[in-house]
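Pulled from TrEMBL:
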TRANSMEM  140-160  transmembrane segment
TRANSMEM  172-192  transmembrane segment
TRANSMEM  265-284  transmembrane segment
TRANSMEM  290-316  transmembrane segment
TRANSMEM  446-465  transmembrane segment
TRANSMEM  490-507  transmembrane segment
TRANSMEM  568-591  transmembrane segment
TRANSMEM  615-634  transmembrane segment
Amino acid sequence: MCCQLENTNVIESPLLQFTCMERGRHGLTSKVTVTNEQQQRATIYTSSAIRQAQLHHQSIAYIPSDYSEIKSSWLGEERMEIVADDQEQTTQEVTRKKGGLRTMPFIIANETFEKVAGVGLHANLILYLRNEYNLSSASGAYILSLWGAISNFMPILGALLSDSYLGRFRVIASATLISLLGIIVLWLTAFIPNARPPHCALAKENMQACVSPNRGQLFLLFSSFALLSIGAGGIRPCSLAFGADQIDNPTNPNNQRTLQTFFNWYYASVGISVMFSVLAIVAIQDVAGWVVGFGVPVGFMLLSTIFFFSGSSLYIKVKAKKSLVTGFAQVIVATWKNRNLALPPTDSAAWYHHKGSKLVAPTKKLGFLNKACVIRNPEKDLDCDGLPKDPWRLCTIKQVEEQKGLIRVIPIWSTGIVIAATLNQHAFPVLQANTMDRHLIGSLRIPAGSYGVFGLLTLLLWVAIYDRKLVPLLAKFTNRPRGLSNEQRMGMGILISCIATATAGVVENKRRATALRQGFADHPRAVVDMSANWLLPQHCLVGLAEALNIIGQIDFFYSHFPKSMKSIAMALLALGAAVGDLVASLIIGIVNDVTKRGGKASWLSNNLNKGHYDYYYWLLSLLNVANFFYYLLCSWAFGNKDEKEYDDGEAMEEVEMHPSIGSPIRRAGV
């Protein structure tokens, strides 16, 4: 009779008692003693080691059937502690329950209120920067693009921090408080008059009569942006995975159904909160002003904080472990350290791999990385358990092949940068709508910052129609279970982005001509006799382009990565969005500087009627056309392969997804 865990010492006793002592890397200990008197006594001294063994996919090889209750207490949601007193023949049982569906209101409320607050701030912010900080349209758009880049990059660091060092609970808790502080600081910029420069009527298109913000005022504004980015970096990558931690129980036969229910409610809450923000919060800012308009998000973020910490005693708090990012870094470092090694033959025993792996030799592609998994001297490189003494000098074949898989998709990934840069133009459509007739139907007037909701609705509508109606129809013609291939969807998304930006240019050309014809050349705030509903086609096309390209990217990465790299798909998407925002800010800066030379009005002039935003949109359309041909080249070079190149043959653990890192609802700042 024995109890066995991976990486455990097993001690057997003639008294039919067994003890398991974990000596793994988690520094946790679990001791179990069961005596002959099975029906009378049991003594369990346990920490969270067994739970950690389950979460890290360590196996329980054998536990006697008589002790199934003990086993269930280890693996289920219940933490059971039984204390026996041999002298008094009494048993005290205390059951502690953690996690479960009862924690969902706290977690979903935290994410929902955070989204309402964050998206409600971002949607209309270009008008705040222009009207209250006297910044030009180009400067405001540049700042927002840069802020978007930082906000999209921070979740990658947040995911690394939570997975490798602090754990999800600590990261979310810290990020929630930081986000609350950031929103309060932004609200103070509206509440304190001296926190902003004197109000300018914007009578002149060059804003020479307006007072620019001083360093202290800009420092306060940028501090709020920095705090909000740090907060988003902690909440976005961890919230969904933290919720899954509470209900993920592999021993439960309904585990998958429970997880799917949670995911459905999670994404439903995200979609509802985003639409509520874009419509309601923006309307409040438009009608009640910035003090109230920023105060409402402060209230929502405060509710988010209260809800999250209210459930603290109920949460399962999984401790940090090694992340894939660390593994990738180890491959690079080990390759460099072993750069002078000669590669052994394919059938050599010098290739290092885990026991039981079918990968006993690396593939020949990107062969320079193979040096990272070469055993130079078994006595010096491996410990008594056959594990690397220095993982920064010796890696497994699996690690190397995962690195190769990542490198192979980089060209395809890079095509998403331009589409992210061209579609993430949040600011300029708001400025256009602000100078047009915004009555949708009858007397119903839409705030300028709320028109982006039509792109979101198009994205959600396409996803629903495509999955339920078009996939079965297309599958009959393409012989693919998912209708269109991932590569086809990505390419179609790039083409539609070309049409979207070209359409935006045509509409702006018409709006500008109407303004000049009506004598508004020197009146940038005048409302032209043209319906803002003309902006709907470009918003809908942008939503459709994202539904095809962005979701296509996610499916593409998932289909070509092994199970252990699923979270990398979302990290790549977030990184692409971050680089895209950086490219967008670079394009804005270059276009603004080049086109205003010689005393001319910039294409991105603060006065839309004297600028040429139509030319700017057409420039973006040309960039998308060039990106489409670049995509065709990358797709041809990648080849038509529906499966990953190698079969690792290992029971690789499922790494948690981080969907909020790079959500498909990217335009809304989710």
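Yeah, the Cβs are placed from backbone N, Cα and C, and that goes for glycine too.
On a predicted model such as this, the values are computed, not experimentally measured, just so you know.
Outside the transmembrane segment (290-316), and at least 6 residues removed from its termini, the chain residues within Cβ reach (under 8 Å) are 51, 77, 98-100, 102-103, 105-107, 109-114, 116-118, 120-121, 124, 128, 132, 169, 172-173, 176-177, 179-180, 183-184, 186-187, 190-191, 242, 245-246, 281, 284. For the transmembrane segment (265-284), the neighbouring stretch richest in Cβ pairs under 8 Å, chosen from 140-160, 446-465, 490-507, 568-591, is 446-465. Ranking 140-160, 446-465, 490-507, 568-591 by CB pairs under 8 A with the transmembrane segment (615-634) puts 490-507 at the top.
Proximity of the transmembrane segment (140-160) to the transmembrane segment (568-591) is established through 3 or more Cβ-Cβ distances under 8 Å for residue pairs spaced 6 or more apart.
Outside the transmembrane segment (568-591), and at least 6 residues removed from its termini, the chain residues within Cβ reach (under 8 Å) are 138, 141-142, 145-146, 148-150, 152-153, 155-156, 159, 237, 324-325, 406, 409, 413-414, 416-422, 424-425, 550, 553-554, 557-558, 561, 602-604, 616, 619-620, 623, 657-659, 661-662, 666.
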